[in-house]
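Read through the structure below, which is laid out as structure tokens, and then see the notes.
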């Protein structure tokens, strides 16, 4: 005989018998609630003196600073290096460091041009700030250095405040500023001042524990912003790709003006530079889209095609004398060795203070987004505030060594993780290889054509343009988020980068306010055989308790949505009871009859305007409009916060319902923080605490048991006889 035990459905049934709590106070007394949590330190008590509390606070901070956890949090390198396995992890870090160092060369030199500074600055950015981030950063995989968007935003500030007459990369004058008047700033001076100010902003935000600000820049906002910024980068590099001679524009609508200038200058394009760019872009595109996926399955180490292109372009330019023969522009002078440490011009800091806020936030948000991706993938934690401190310290340190603001690079970070990088030791290996380039190899690239370098930049931006898919996918899942994406994109493209970012933040906050303005609201019904109350729109079997309306508001009640809350509650209650109805059911016998008949009305048909015709055997009355709601239970289980405006609305709701409609307001499932907040707003001076219940079921059973016409005969009544 075959057993069918596995096919049987096992149902677990639990039965709880307990007394009904007639109000929240009875519940608190029975379970000996603590009005204030116990304090371990006597100085933390409310009756302690201010001096005693201050001494205790200082003592606690000093004790924390001497603990091991504090130093591990401030210098995460201590923690992960103590657990580092040289045998299992070093080989992966070494390979990743070598690969990323190769990528730093073309990207660093190329992105430095976006900032209006010499190409060698990009290599400085891949060396000096990285050493600081390795010690302070909490992410194990992001690659700090040049990033297209932040360097472009820095370049905008550099164009605004630098003296263009002395900007000459070929002479190397930007690295020697001793004889420059204090009234004129070179591009490099402005760039280092921006780097210092960005670092100071980030450190300040880290000290103030404002790492949560990264949440303001949501994923769809960052996606739209970086995609639009990539268009700015491409347009800015078009003059090098085609050999055009056009001026750089500043201010709003500069992208449109630049495009108009490019089309106007097309007849003067250098065909040799255009051909060079076309060949370089084609080779890199074919490799990245077709060859790399093919051989990537066989070998783990990717071929540094960008570096090969730079080397080939440099060799061809040097031996072919392309500058003299075809008027192709090259990098020219590249200094060797370390830059001389210099203090950025402090007198420029007040002028760029506001402009650098956007750079600081964008650099941090991009790095934090990348750090979170790898942390989720690899199963470790990062600290938002520590990331702010780490990146800020890296920028401050780099500003004394001719650096622009740094950020994490999407392409380099993905590469560092994919080729086996385990920790930030890979960045140390990368810095060591770049040190060799800075000391000896750099001048070998002096003959590199700018067209080739710009081609590398354009090809590297493909990942940003692919983000157009984010808009199409978001359009299906969340139209509001897609609106934020498109609003940010259009504002950045049409107006400007920083203004577009501000408009994107405004759009994102507006969406949040719109969603919070009218959160989820529902009328709840009772599920027969359970103690649960659910949304009657989604559960047809759920029925409303006669005479009681149970209403749930998910979210907060604050100044922005307080009036909306009141309107939604009124809409769920229905119209007011008319005076005609009051006169028709004036007699006690009629009231009793209507109450008895209401007990047998099917749950879920409690519309205030529903007409009830009494059956034979009862007192015969014409069909009347019966307002069956006598109690409104506000389920506060999903109510997160109530401010002063929300408290006033709850007070007026209680008063109006009781005076105008004879409906008693009841609160249920209130959290302790919510009760304390209402108490601080003096809500319970007008609202009786006896009308606060620990749960919906306690409120319903108390109401029904206190009613002389309790609905015990109803099959759905939760009361147990």
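Using N, Cα and C of the backbone, Cβ positions are placed for all residues, glycine too.
Curation plays no part in TrEMBL annotations; they are all automatic predictions.
What TrEMBL says about this protein:
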TRANSMEM  112-136  transmembrane segment
TRANSMEM  185-204  transmembrane segment
TRANSMEM  210-235  transmembrane segment
TRANSMEM  301-320  transmembrane segment
TRANSMEM  348-367  transmembrane segment
TRANSMEM  388-411  transmembrane segment
TRANSMEM  423-441  transmembrane segment
TRANSMEM  448-468  transmembrane segment
TRANSMEM  488-514  transmembrane segment
DOMAIN    538-703  domain 'STAS'
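Sequence-distant contacts of the transmembrane segment (112-136) (same chain, at least 6 residues past either end, Cβ-Cβ under 8 Å): 74-77, 101, 104-105, 144-146, 148, 151-152, 154-155, 158-159, 162, 167, 169, 172, 174-175, 187-188, 191, 233, 236-237, 240, 331, 333-335, 339, 386, 389-391, 393-395, 397-398, 401-404, 406, 424-425, 427-428, 430-431, 434-435, 437-438, 442, 445, 450, 453-454, 457.
By the count of Cβ pairs under 8 Å, the stretch nearest in packing to the transmembrane segment (388-411) among 185-204, 423-441, 448-468, 488-514 is 185-204. Residues of the same chain lying 6 or more positions beyond the ends of the transmembrane segment (423-441) and with a Cβ under 8 Å from any Cβ of it are 77, 80, 84, 89-90, 92-94, 96-98, 100-101, 104-105, 120, 123-124, 126-127, 130-131, 133-134, 137, 139-140, 143-144, 336-338, 416.
Mean pLDDT of the predicted structure over the domain 'STAS' (538-703): 75.
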